[in-house]
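**Q** Residues annotated as region 'Disordered' in TrEMBL: A:1-30. Taken from TrEMBL, the feature transmembrane segment covers A:40-58, A:70-91, A:98-115, A:121-142, A:149-169, A:189-212, A:243-262, A:297-316.
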Amino acid sequence: MTTPASKADQDGREAATVLAAPKEPSKPSSRRLTFFRADTQTLSLLGVLIALIVAGGITKPDNFLAVDNFQLMITQASVIGVVTVGMTFVIISGGIDLSVGAIVALASVWATTVATQEFGFWGILFTAILVGVACGLVNGVLIAFGRMVPFIATLAMLASARGLALQITDGSTQSVTVTSVVELNYKDSYVLGIPPLALIFAGVAVIGWLVLNRTTFGRRTVAVGGNDEAARLAGIDVRRQRLYVYLLSGLCCGIAAFMLIALTSSGQNTNGNLYELDAIAACIIGGTLLSGGRGTIVGAVLGVLIFQTITNIFYLNNLETATQQIAKGAIIVVAVLVQNRTSRNQTT
Amino acid sequence: MPEFTSRRGLLFGAAAVSTGAFLTACTSNEPSDKSEDKPSEAPVADDKPGKQVTIGFAGPQADHGWLNAINDNARSRAKKYSDVTLDITEGSNDAAAQIGQIDSLINKKVDVLVILPADGKAMTQAGLKAMRAGIPVINLDRIFSSPQAYRCWIGGDNYGMGLNAGHYIGEKLKDKKDAKVVELAGLDNLELTQQRTKGFDDALKNYPNIKKVARQAAEFTVESGQAKMAGLLQAQKNFDALWNHDDDQGVGALQAIQQAGRDDFLMVGGAGAASAFEHIEKDDGVLKATVLYPPTMAASAIDLARALGQAKGIGGMAEFEIPSSVTLYSAVVDKTNVAQYKPTGFK
């Protein structure tokens, strides 16, 4: 095993070599192993997803295997999907962000006040993103420079952002009257049959993948999560890197808030309820280590899609919510057990 | 050894009382210099008209439109009467915190308490304590598990809501062969959701041509309403009517219906939100009616509390006392009568 320090040292250069020749046996490095491991993980996740699609196809062939159902599934997965991309960065850096749901709620109500709606489409989009980034900045500063434990800092943000969201709305549902936002995801707005929200999700996921795998920023995030002391010795500004990942998570929450506004045509302080748990669950079944230093965007996206497919199959078969929750819990356990097994097989 | 037991009992009792006193002393969040509001000691006095009444009001945190409307209704009703002083606590969804707030109202010796508990069963003790302290309790909506915990209960009719929604849909579809109905319920672990569904099912039994083909439970939020409705629409490619338990989640449900481009059924809502009334009045979509769960009940609760504090009955009834239980009617609001109900709509 090479240390994360040397990993960080070589930064993006190494990634480029690895990606160019991932299966070259003569140069053993932890990076290469990680890539290989992520690959089997991705394959097993894809297997689960395909198995679910087969199950859906068997139980409800007409409704499940229809174009509009896949359009629907991706639309419904898109909001939590964008949040999960940001969460993946935070967890890889060795942190956790419990405030994502609350930030989505705050951004969505702030962006749908009567005053904001006067500025139309761009006003709503700008406000949602600005609020998300600002919350992420507060999280990042508290954690990086205030030396607070991420769990505590983001828990505090969870409480206060939800409180502020409630104070802004006074508990009422803020309906959006800006037509371009309300009709953003109507059938007429589909681009070549793809729902606009799905496009945003895809865009965020691709950019997230590029940033994590092809940039210095991504390498540094992995290095900080793997061993922050070694990363510091290797010359990485660990605190600044921490600040950046929470900013990134906040940005994703802002985008997600805007998408949720378009999806529900309203802002409500209950928005984003338990998003933190859904996002963390998707990251984990996607193979991201909670202790940091390892994780993939592809896995996280597959995790989100798997959960959404289960939900969809349950809807189509008219099963109750309680059963859905049990199935969700079971999937998390099975996924993590399988991952433990594959990673043990690889290290021996 | 009876002496021993009783001594132990005495010690234990004293400890319990002092702990309780300590706890209640600690829970008061109100500044102590409000003594000029303090009414006379006797909770129930003579029947002189216009006697000053201090009403303590404790409700849950107003985290959604309906509860917010409850607070507004209580406040504006109390303001209407010159002889009523309303002492309203900061709402809390935590049963323990709300019990503390009720204790502080008891300590302030308000004349009558109006309590909308965060959880009726879990907070029965708070109602009992107030009643024992000689402060009559008007139990608003979520019922305490013991009738001794309140002097009068006033609240909505969840079963009746389902019943009226079912009958409305039934009458609309009674001439249609093999009609299909879909239900978008509220939070499934609440008893009220089960009651609404039972009422709805019971009403549909009168119409043998109608069958309920699907049911999903949302969570009273727009987000869950959108997600669950989108799933229902995908699962049910044709049905004739939809009953949605709650107008707040209905905002999301309506958006899901728009996104799916569907308009081949009629929708009935629940609760009576301002946005639902607007859609019904404009007749601009599938939403044709909504079944009330009126937040005006808080205003009526203030009326009852005032009558109780002044030891009077209520107008329109022959009795000297207010009733012990008032169940409100869940009226169906459609295009024909929406103008009348519009001012009561909550946001």
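Any Cβ shown, glycine's included, is placed from N, Cα and C.
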**Q** Are there at least 3 C-beta pairs under 8 angstroms linking the transmembrane segment (A:297-316) and the transmembrane segment (A:40-58), leaving out pairs fewer than 6 apart in sequence?
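**A** Yes, these stretches are in contact.
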**Q** So if I exclude everything within five residues of the ends of the transmembrane segment (A:121-142), which remaining residues of that chain have a CB under 8 angstroms from its CBs? That is, six or more out.
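**A** Distant contacts of the transmembrane segment (A:121-142): 97, 99, 103-104, 106-108, 110-112, 148, 150, 153-154, 156-157, 161, 176, 178, 180-181, 242-258, 261.
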**Q** Examine the transmembrane segment (A:98-115) against the transmembrane segment (A:189-212) and state whether at least 3 Cβ pairs sit under 8 A, considering only residue pairs 6 or more apart.
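**A** Result for the transmembrane segment (A:98-115) with the transmembrane segment (A:189-212) is no.
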